[in-house]
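Annotation source TrEMBL lists domain 'Acyl-CoA oxidase/dehydrogenase middle' at 193-302. If you look up TrEMBL, you'll see T197, G236 marked as FAD binding site. Among the features that TrEMBL reports, domain 'Acyl-CoA oxidase C-alpha1' is placed at 340-490. The active site, proton acceptor feature in TrEMBL is assigned to E476. The domain 'Acyl-CoA oxidase C-terminal' feature in TrEMBL is assigned to 539-668.
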Amino acid sequence: MEKSNLLCSSMEKVNFRTKVLSRHLKQETPTLNVILQSFPCLSYNPPELSEPAAVFDIKVMRKLMDGHNLEERDWFFGLILQSKLFNPVKRGGKVFLSPDYSQSKEQQREITMRRIEYLVEHGFSKNWLTVKGPEDELRKLALLDCIFIFDHSLSIKMGVHFLLWGGAIQFFGTKRHHDKWLKDTEDYVVKGCFSMTELGHGSNVRGIETVTTYASSTGEFVINTPCESAQKYWIGGAANHATHTIVFSQLIIDGENQGVHAFIAQIRDKNGDICPNIRIADCGHKIGLNGVDNGRIWFDNVRVPRENLLNSVADVSPDGKYLTAIKDPDQRFAAFLSPLTSGRVTIAASAVYSAKIGLATAIRYSLTRRAFSVTPNGPEVLILDYPSHQRRLLPLLAKTYAMSFAANHLKMMYVKRTPEMNKVIHVVSSAFKATASWHNMRTLQECREACGGQGLKTENRIGQLKGEYDVQSTFEGDNNVLMQQVSKALFGEYVAAKRSKKPFKGLGLEHMNTSRPVIPSQLTSSTMRQAQFQNDIFCLRERDLLERFAAEVLQCQAQGKSKEYAFTLNYQLAEDLGRAFSDRAVLHTFLDAEASVTSRPLKNVLDLVRSMYVLVTLEEDAAFLRYGYLSMDNAAIVRKEVAKLCSELRPHALSLVSSFGLPDAFLGPIAFNWVEANAWSSEQN
């Protein structure tokens with residue numbers, strides 16, 4: 001019987017194909033009207049018409065998320081929307097702004113330069129370097145956020161010039177440098193770059209091989225690239241446009257190496273020609289950031305005036321004497337690097353905005369795209385109504401909210417910094433930069449997949465952003481190295497507190513002065529959503545890992561091993577501790593942001609978002625099970641609660657991404673009318 005059915009089925013397929021082929025040969029049109037009428041064409045329905053109305057004030061939430069300078073942000077968006085330099089393209093009845101990534105590397109670099117000139121002409125960089133104060137710095141950081149939203153290449157090229165070159169002159173230099181260079185830098189008359197990284201040394205700045213000596217007979221420094229591994233590498237702006245650079249080099253005085261110092265050197269003349277004794281090569285095409293002209297530089301005994309040493313930390317007298325108030329080489333090196341935290345601050349913030357673009361696009365698409373039905377002959381289901389799709393995107397949405405509050409906190413720390421805060425800012429910026437950039441890459445990948453084939457299209461931004469932002473995991477410090485630095489700093493605080501028998505103070509470690517938190521043996525939904533429990537379990541993890549890490553390192557030292565070798569042996573604990581510190585610090589910034597809110601509906605939604613952030617962290621980080629902070633039973637309960645939170649956050653999904661404050665023009669076309677954007681009529685236009 002079964003064999004007979006198979007034969008019938010096979011014959012039916014043959015007969016059907018024969019009829020189709022016959023109609024094709026006779027050029028007959030099949031009568032499929034009845035079938036087509038049963039399945040009307042899909043149409044786009046804006047989610048604003050079908051989704052629940054926001055239960056909180058979106059404008060208030062946006063202010064909380066952006067944190068500062070909303071008017072300046074909106075001014076910038078308007079400024080670039082009115083210029084064709086920023087590649088406006090009409091799709092689906094809307095205008096979108098995004099770089100044309102189909103251009104050649106050379107074309108991308110040229111248009112990036114033209115965009116910088118346009119922005120400078122319109123007052124974008126006014127007071128960035130010549131006026132000091134927290135308000136001016138916050139304005140600068142807000143506008144950099146906006147540039148990141150449009151184009152990572154543009155933001156990096158401007159960041160290299162204003163923050164790295166300009167910032168080095170501000171912080172490493174003194175009045176003679178400020179008077180000569182800052183105004184021309186702010187007006188983009190001088191075009192600067194920043195030569196620290198070498199072919200042979202990246203994160204290990206202390207090991208760079210470029211050498212500078214002093215010629216007292218002429219009052220000049222002589223900068224030299226002694227070997228191929230000492231060539232300056234990945235120098236943004238060097239390949240085509242930069243006229244000057246800050247050179248980081250070992251300073252040799254009377255045969256003694258005084259460590260890494262910074263010098264100003266001209267690399268091109270007014271005509272754009274490369275200066276004598278300078279060699280420059282292009283780093284070539286990259287997986288992203290092709291609007292930035294990364295180059296390599298060799299210095300062949302280049303002579304610069306004695307005054308070109310940036311001398312806020314150390315100086316050399318006309319007769320060649322080395323002068324510094326900081327005698328300890330380690331402290332001197334730390335003083336040189338401390339101003340460089342601005343790069344990590346902007347990376348943390350920009351990574352969050354990149355994740356926001358991905359999530360806003362993917363979630364809006366999932367609120368209008370349907371797939372399959374769950375009942376016979378029933379309508380297709382919105383893909384965000386599938387629990388599995390909610391689980392993919394909504395925890396990342398919650399984490400992005402948490403990272404946004406963390407980035408705002410970091411920016412406020414940075415603009416209000418004092419010399420005493422340098423260490424804290426270094427540790428926090430290292431942790432947040434690593435955490436935010438890792439989060440961004442994971443978010444973009446999930447959003448890309450969640451959009452299916454549409455996620456592959458460059459115009460929809462998500463896939464392209466992956467290549468553009470991938471570099472953040474390694475530049476301004478490799479993320480893994482930064483996390484190890486965080487753990488080393490925590491170890492130092494731990495040892496100092498134990499030896500002095502004084503309470504912990506700073507870096508948020510005050511919780512170490514209280515009794516060890518106790519986690520309930522049986523978790524409930526109510527318990528898991530309490531801020532006290534969430535704080536307790538994050539603090540317990542950080543406390544326990546710090547104690548374990550310190551015990552292992554101290555034991556290695558007691559066995560005669562060096563501290564650095566002990567750190568190396570215990571890298572796994574160091575990585576776990578770095579993440580524990582970062583997660584706990586991020587949670588505290590979330591709680592601080594919540595405390596500033598007076599609206600009960602807004603507080604209620606933020607409470608859901610925070611609970612999702614904490615519980616998905618408990619679920620995903622194996623350390624909670626590995627070290628026994630969660631039992632197997634409680635881990636299962638946490639997982640169920642995450643799924644429950646997904647369903648509770650689902651009605652707020654549109655409101656939460658709308659609160660990002662991203663103009664429609666900076667999202668992908670699939671975030672809106674993707675049917676019209678892909679229609680034949682759109683293609684003809």
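Using the three backbone atoms N, Cα and C, a Cβ is placed for every residue, glycine included.
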Mean pLDDT, the domain 'Acyl-CoA oxidase/dehydrogenase middle' (193-302)? 97
Rounded to the nearest Å, what's the C-alpha distance separating T197 (FAD binding site) and E476 (active site, proton acceptor)? Just drop the number here, would you? 10
Whole-number answer please: how many Å between the C-alpha atoms of E476 (active site, proton acceptor) and G236 (FAD binding site)? 13
Other CB atoms, at most 10 A from the CB of T197 (FAD binding site): 21
Over the span of the domain 'Acyl-CoA oxidase C-terminal' (539-668), count residues by DSSP class, listing helix, strand and coil in order. 107 helix, 0 strand, 23 coil
Across all the protein chains here, work out how many other Cβ atoms are within 10 Å of the Cβ of G236 (FAD binding site). 26
